[in-house]
Amino acid sequence: MKIDVMGPLQRLGKALMGAVAVLPVAAILSGLGYWISSAAGPDNLAAQLLISSGDAVLANLGWIFAIAIAFGLAKDSNGAAALSGFLAFATFMKLLGPEAVAGYRGIEDPTALTGDEALQWASEGWNAVGGGNVLFGILAGIMAAWVYNRFHGTKLPDFLAFFSGRRLVPILTAIIAMVISGILYFVWPFIYNALFNFGTSIQGLGAAGAGIYGVANRLLIPTGLHHALNSVFWFDVIGINDIGNFQAGQKTIEAAAAATSAADCPGIWANGQCTVEGVVGRYQAGFFPVMMFGLPGAALAMYLRADKKKRKVVGSLMAAGALASFFTGVTEPLEFSFMFVAPLLYVVHALLMGLSVFIASTMEWTAGFGFSAGFVDMLLSSQNPLANKWYMLLVMGVGFFFLYFVIFYFLIGWLNLKTPGRGEDEAEDAEDSATGDDKTAADAARIIEGLGGKDNIDSLDYCTTRLRVGVKDRALVDDSLIKRAAVSGVIHPSEKSVQVIVGPAVQFMYDEVSHQLRHGSPALATTGAASAAGAAGASASVPAGAGAASAQSISGDAADVDVRAPFAGDVVALSQVPDASFAQGMVGEGFAVMPDAVDAFDVCAPVDGTITMIFKTRHAFGMKTADGLDLLIHIGIDTVELKGEGFTALAKKGDTVTAGTPIIAVEAQKLRERGVNLITPVVCPTAKQVAGVDIAREGHAQPGDVAATVKRSS
């Protein structure tokens, strides 16, 4: 039996981002506090308030991780799971905290211990059990989510009915947390020592270890597991806690001064001293030169290597990605532009990241971030007392800009790598995505369709820049269709997992995809209407004349449009279509035709206009009239699942046709033998263009007969 390891790790990585997302708050508050402190002195009240407010987040990361992970891993992200995560962590802290353990052992004050007793206490790691312990937070969150997913639907006998369902979850969580606490009381000292020794060995590698981490961080990006790796180095999982210690600033310096052993040293312990300056921040600093300068240099190289006729499109994509990388440290839109089309460049990028982290660590140039290594975080961290020669990272960054540019420019040309704008017209495919107000809805519809439709989507979530989707059948996923939704890339971490790289606006895309999955609006993927409606209503690839007419008609009054029967058959109202998305008008207003033909028939253009889109599976096509009205003709129900079988395209996208021109040939007999319902809706997918649709005739119609009149909105 094949065990899916990647899936659970992917979900954990996503859930971790819910906790990581609060770190920018701490970074901003602490950063502003240190800026004020450097100008007005450390005793300034405003500075103290801001620094303390930031510390409120950092000192309680364990609580935050417990709540966020429980909430993120719960099947329906219910508040009962978050409450259970809180209770689990609270139970751990109450039963395993240093005061509790000291009480079990009859120790009045652990801090007063001396000699061997003090060493024994320190080696068991009970002082590490506190509100900032992220490892306990992760454990509490995972446990609470498991309890919620397993028992939130449990029904108890009538006399206990009040405690059924979700109310039962916190109770069970508290009980299970008590049991686990009992186990941890005996095994935690061994776990702590193993983690402590591992963390010490990594830190002992110095700059080399930091460089290895930098390479691994980038190489794990395609799998999404870099979040799990980052947690080891950035938080208090194995004692490194690079972000927490850096953001704590002065408190970390004071803790280093008071340290008496490696166990309570927040930096490097050597020769009886704890060193933090030039050390804390080493797992963050090297990211700044690459994200702020290196990747923009790569973007410039890809732009200059693009075919001249495509540079305008590629330039806009590269500029947007470079700006996001420089200012915010969000790099995935740029990285995914070459990750799969030119994997060699991505390996080079990972090695250069490792080199950058290694150099910064060797030179002891440090800076930190709360979100990512962009200009904003650089500015905020510059006044942190642990920021050591941070400005040298900018100097180093200039060098990395030219290093990336030269290497990428040379390799792309020498090896003829197919980066954006080179070779096939991928940029033109991106133009098929909708533009204007309906862009997000149309892109979301294409993503759903590309994922195999609503029925193939098992789970949906998102993290910083990507949609994380669980699918039932990977064979139904069409990467090329998803990419036409203007996304940065598509990856398959496991057999049942798909990640769609959207960029910083991922939450808006997630909301729209979720909305369409729940409500089927504006189109449902199971029928193929989603992508077709989005493309028909928003395609930008139309002749200049038609586009101008469209803009004019939308902004002013437009004449009503007669829509003709696309083939011989019975004209019926949309309510007669055996598909809820059409029958309830979710895709748009219109009518439907049931074909007469037994053997075969042609689906003809119902109006004069331009073919804006013919679906890859040829089961639907879109048109735009000269005055801008969008139409979608969808042949049959659930025909997207046929993957083009039984349909032949007789025209192509961009053709200007007259009403009655054959567009799609249909092998009716072959499809009916497979049980396909060939009723064909003809709808107006862009709601703002339409004031109503009057069916001119119900009953039999010949090709070219007026079937309905579309009333245009003014």
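Cβ coordinates are placed from backbone N, Cα and C, and glycine is handled just like the others.
Summarising the annotation, TrEMBL assigns domain 'PTS EIIC type-1' to 3-424.
Under the heading transmembrane segment, TrEMBL lists 12-36 (among others).
Residues or ranges marked as transmembrane segment in TrEMBL: 56-74 (among others). Tertiary proximity for the transmembrane segment (56-74) is limited to same-chain residues at least six positions away from its ends with a CB under 8 Å from its CB atoms, namely 11-12, 14-19, 22-23, 25-26, 29-30, 80-82, 84-86, 88-89, 93, 130-134, 136-138, 140-142, 144-146, 148-149, 152, 235-236, 244, 247-248, 461.
According to TrEMBL, the feature transmembrane segment maps to 86-107 (among others).
Per TrEMBL, the feature transmembrane segment maps to 127-148 (among others).
The transmembrane segment annotation in TrEMBL covers 168-188 (among others). Long-range contacts of the transmembrane segment (168-188) within its own chain (CB-CB distance under 8 A, at least 6 residues past either end) are made by residues 80-81, 83-85, 87-88, 91-92, 95-96, 101, 104, 124-126, 129, 139-140, 143-144, 147-148, 151-152, 154, 156.
According to TrEMBL, the feature transmembrane segment maps to 286-306 (among others).
If you look up TrEMBL, you'll see 313-330 (among others) marked as transmembrane segment.
Per TrEMBL, the feature transmembrane segment maps to 336-358 (among others). Residues of the same chain lying 6 or more positions beyond the ends of the transmembrane segment (336-358) and with a Cβ under 8 Å from any Cβ of it are 207-208, 210-215, 217-219, 221-222, 282-283, 285-287, 289-290, 294-295, 298, 302, 317-318, 321, 396, 400, 403-404, 407-408, 411-412, 415, 417-420, 488-489, 491, 501.
Under the heading transmembrane segment, TrEMBL lists 390-412 (among others).
Here the domain 'PTS EIIB type-1' (441-523) is broken down by DSSP into helix, strand and coil counts: 35 helix, 23 strand, 25 coil. The domain 'PTS EIIB type-1' annotation in TrEMBL covers 441-523.
Residues or ranges marked as active site, phosphocysteine intermediate by TrEMBL: CYS463.
Residues or ranges marked as domain 'PTS EIIA type-1' in TrEMBL: 579-686.
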Worksheet item: Taking a Cβ cut-off under 8 Å, which residues six or more beyond the ends of the transmembrane segment (286-306) line up next to it in the same chain?
Response: 210-211, 214, 314-315, 318-319, 321-322, 325-326, 329, 331, 334-335, 337-338, 345, 349, 352-353, 356-361, 367, 369, 372-375, 378, 393-394, 396-406, 408-409, 412-413, 419-422
Fill in: Residues from the same chain, set at least six apart from the ends of the transmembrane segment (86-107), whose C-beta lies under 8 A from its own
62-63, 66-67, 70, 113, 121, 126-127, 129-131, 136-137, 139-141, 143-144, 170, 173-174, 176-178, 180-182, 184-185, 188
Worksheet item: Where DSSP helix means H, G or I and strand means E or B, what are the helix, strand and coil counts for the domain 'PTS EIIA type-1' (579-686)?
Response: 14 helix, 42 strand, 52 coil
